[in-house]
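Beneath this line is the structure, given in structure tokens, with notes to follow.
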Amino acid sequence: MVKILMRADTHVSFSVPAEEPVAKCTFSQVLAALSVSLGSMVVGFSSAYTSPALVSMKDRNITSFEVTDQSGSWVGGIMPLAGLAGGILGGPMIEYLGRKNTILATATPFIISWLLIGCATHVAMVLVGRALSGLCVGIASLSLPVYLGETVQPEVRGTLGLLPTAFGNIGILLCFVAGKYLDWSGLAFLGATLPVPFLILMFLIPETPRWYVSRNREERARKALQWLRGRKADVEPELKGISRSHQEAERHASKSAMLDLLKKSNLKPLLISLGLMFFQQLSGINAVIFYTVQIFQSAGSTIDEKLCTIIVGVVNFIATFIATVLIDRLGRKILLYISDVAMIITLMTLGTFFYMKNNGNDVSEIGWLPLAAFVVFVVGFSLGFGPIPWLMMGEILPGKIRGSAASVATAFNWSCTFVVTKTFADITATIGNHGAFWMFGSICVVGLFFVILYVPETQGKSLEDIERKMMGRVRRMSSVANIKPLSFNM
């Protein structure tokens, strides 16, 4: 092979075409992505549970104990609150236990939480089960994107990185469909079966090479990387790149993780990640998912509300798979633009519909409008602002602070989720449901400008390239160091 090697930041190489190595997405990488994505399916099922379950849970003909409107709101609200605690706990866990072990540690508690809910004889048991489930959801939502970001090659990181979101939407859809036929208890027992295949498959995949390098276990890192890239792949350049990146991060690190987070070079990617999380949740998506049935009931939709819920779930699922196809072709920012514009239009439309209805206008002829608007809203969200903030969290946060920064971002996300879901009923009571949708739409307008001005494009770039650009580290090294092109992948 003939190569002309230039500066590290130019990435220019010329090769004989017949021998040019082509980045391949190995079966091992797909298996790793599939394994952690099954955990995301449990997360999706947990998030959607209250929408179909609360209706039957409040029915005294089905439930042996009383569930008031207030306790019912806590059944929905306690999960994101516990998710906040899980996000805080997950950061130290992925650093000290490892990415894989942290994900694996959520499987058994997930099963226990669903059994607690399914066997509940008092609303307190349901709340404890939801709290435990929420804790696991918080830990999983932090560790899944970090694991995939550190194991998948740049060329397919967008596509495989969206698999957890796609499977999360399968979990939501499964919950909506099963909720049409099962009461809250039966639905919980179904939830208890979902972590079993996830638990089994997690034993088959390795820890991330980056975590092994951070623990000075280079031989284990080499074996893990070889498993991920295939037996015949030459992993030495990539492993050296990971080691070099880790050593550089160590040189710039301080003794305190919090001080590291507050460094100007680290603060920029953290604030971008927090911004994406903020606009994701303040789009009102979780209010929509948690209270879908109730929203359709209040809209007086001419279509059965449970059927509407299933249709929304199907669309959510399909849209995410479209996003997995497009993300490594169009890039992250284009999908965020499309996503935001779609959400702005549909939220304003929903606000107008409810405003007309609340003011006594006859909306029976446009009873289909809430469903149509919901469908477009969910398509827009699932194309961009649903999966991309989580994907980019695993991409733009620097390696040295990835655990603590991801913990902050995840905790912040679940804080926003809790605020939105717990206050949605109060907001609609104060400014009307039309005012709530207009408020969410206005926030999405601000989010669009945030993406235009501050969010970087990460399509096809290695984590090391992204980190250097985000931290402003354009290396001016010796000519000897510049001979080696940074061709390793993450």
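Each residue, glycine too, has its Cβ placed from N, Cα and C.
Copied over from TrEMBL:
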DOMAIN    32-459  domain 'Major facilitator superfamily (MFS) profile'
TRANSMEM  30-51  transmembrane segment
TRANSMEM  71-91  transmembrane segment
TRANSMEM  103-125  transmembrane segment
TRANSMEM  131-148  transmembrane segment
TRANSMEM  160-179  transmembrane segment
TRANSMEM  185-205  transmembrane segment
TRANSMEM  270-290  transmembrane segment
TRANSMEM  310-327  transmembrane segment
TRANSMEM  334-356  transmembrane segment
TRANSMEM  368-392  transmembrane segment
TRANSMEM  404-424  transmembrane segment
TRANSMEM  436-455  transmembrane segment
**OP:** Quickly jot the same-chain residues contacting the transmembrane segment (71-91) by Cβ under 8 Å, restricted to those at least six beyond its ends, or write none.
**Re:** 46-47, 50, 53-54, 57-58, 102, 123, 126-127, 130-143, 286, 290-291, 403-415, 417-418, 421-422, 425
Original post:
Are there residues at least 6 beyond the ends of the transmembrane segment (270-290) whose Cβ is under 8 Å from a Cβ of it, and what are they?
Top reply: 47-48, 50-51, 76, 80, 172, 261, 340, 343, 347, 374, 377-378, 381, 385-386, 388-389, 392-393, 396-397, 401, 405, 408-409, 412-413, 416-417, 420-421, 424, 436-437, 440, 443-444, 446-447, 450-451, 454-456
Original post:
Can we call the transmembrane segment (334-356) and the transmembrane segment (30-51) in contact, meaning three or more C-beta pairs below 8 angstroms at a sequence separation of 6+?
Top reply: no
**OP:** Establish whether the number of Cβ pairs under 8 Å between the transmembrane segment (103-125) and the transmembrane segment (436-455) reaches at least three, counting only pairs separated by 6 or more residues.
**Re:** no
Subject >> seg_contact(the transmembrane segment (131-148), the transmembrane segment (404-424)) with at least 3 CB pairs under 8 angstroms, min sep 6 >> reply: yes
Original post:
Does the transmembrane segment (160-179) come near the transmembrane segment (310-327), with 3+ Cβ pairs under 8 Å (pairs 6 or more apart)?
Top reply: yes
Original post:
Among the recorded stretches 30-51, 310-327, 368-392, which has the greatest number of Cβ pairs closer than 8 Å to the transmembrane segment (185-205)?
Top reply: 30-51
